């Protein structure tokens, strides 16, 4: 029975977010890197909150005090990650842009070289007048020499044309090779849109939250016997924690998408919504403590309602701003 409980809680908690990861994020290497970065920044924020909890003794006895700082550090690092993301994806050129710039520079240099060769072939105006005077003064005996000179000039033009064709063919081959390389490395060079990028970062934060906050509790379910929630003696503690962790992991994805959209488009009411609901849902978990006035229903039901509302609000805001299809 303990193994069934373990795998049941495991699949309930991580199935939705891992399904989204393998079906959407794992197909693009940049999204995978962003997911790892989201996990790292969330772990750093929790590490700083733990240090803060350790160096201030009064915080060890009051959960509401440490929760406020924990949420605050998470939001600060979310904004720091957004600044890094905006610098790396907006202010820096992509691989395709770099290749296109190099190709354009090669074409410009070839065009300048061609213009310089044409200027060398054209004599000055004074020389043209003197040549015309000499042609008028010359006799018919010089016609053969002029024909020979014209033939030599035509030969030189043919040589120059062949050299230009060789350069064009060389550049075309190089461009074709670059197109083939970009086609093979499409997942590397393709830049995902902002919505997928922010969702990938949120998935990283949610997975890290699930494994850190619920992993140790879930492992205890493999032991003999079972535990019940102090706030609801008839409810299994592992199942209750699994459902709450499921809601929180989904909220991490939604919070990151809304916060990044708010920072990017300067819609700060989205950022305010994220911060307020993050505080509310985190404080609602305190209702699971063993006190006379708490109840697990008062915790899990509001968190579930907030999760459903937040997901709907996130989809509505994305469709309204057309952020799902925008790349830049």
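Start at 1 and count along the chain as shown; that gives each residue its number.
Each residue, glycine too, has its Cβ placed from N, Cα and C.
Listed features, source Swiss-Prot:
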type: COMPBIAS; residues: 116-153; note: compositional bias 'Low complexity'
type: COMPBIAS; residues: 159-175; note: compositional bias 'Basic and acidic residues'
type: CARBOHYD; residues: 141; note: N-linked glycosylation site
type: CARBOHYD; residues: 193; note: N-linked glycosylation site
type: REGION; residues: 106-175; note: region 'Disordered'
type: TRANSMEM; residues: 5-25; note: transmembrane segment
type: TRANSMEM; residues: 36-56; note: transmembrane segment
type: TRANSMEM; residues: 62-82; note: transmembrane segment
type: TRANSMEM; residues: 199-219; note: transmembrane segment
type: TRANSMEM; residues: 235-255; note: transmembrane segment
type: TRANSMEM; residues: 270-290; note: transmembrane segment
type: TRANSMEM; residues: 299-319; note: transmembrane segment
Spatial neighbours of the transmembrane segment (270-290) far in sequence, C-beta under 8 Å, 6+ residues away: 63-64, 67-68, 70-71, 74-75, 229-231, 240, 244, 247-248, 251, 255, 258-259, 261-263, 296, 298-299, 302-303, 306-307, 310, 313, 317
Surrounding residues of the transmembrane segment (5-25) on its own chain - C-beta under 8 Å, 6+ positions past either end: 31-32, 35, 196, 199-200, 203, 206-207, 210, 214, 218, 221-222, 226, 236, 238-239, 241-243, 245-246, 249-250, 253
Distal contacts, the transmembrane segment (299-319) - CB-CB under 8 A, six or more residues away: 195, 231, 240, 243-244, 247-248, 250-251, 254-255, 257-258, 261, 270, 273, 277, 280-281, 284-288
Cβ neighbour count within 10 Å of residue 193 (N-linked glycosylation site): 15
Three-class DSSP secondary structure - residue 193 (N-linked glycosylation site): coil
Long-range environment of the transmembrane segment (199-219) - Cβ separation under 8 angstroms, sequence gap at least 6: 6, 9-10, 13-14, 17-18, 20-21, 24-25, 31-32, 34-43, 46, 74, 81, 85, 192, 237-238, 241-242, 245, 248-257, 260
Intrachain neighbours beyond the transmembrane segment (36-56), with Cβ under 8 angstroms and 6 or more residues off its ends: 66, 69-70, 73-74, 76-78, 80-81, 200-205, 207-209, 212, 252, 256
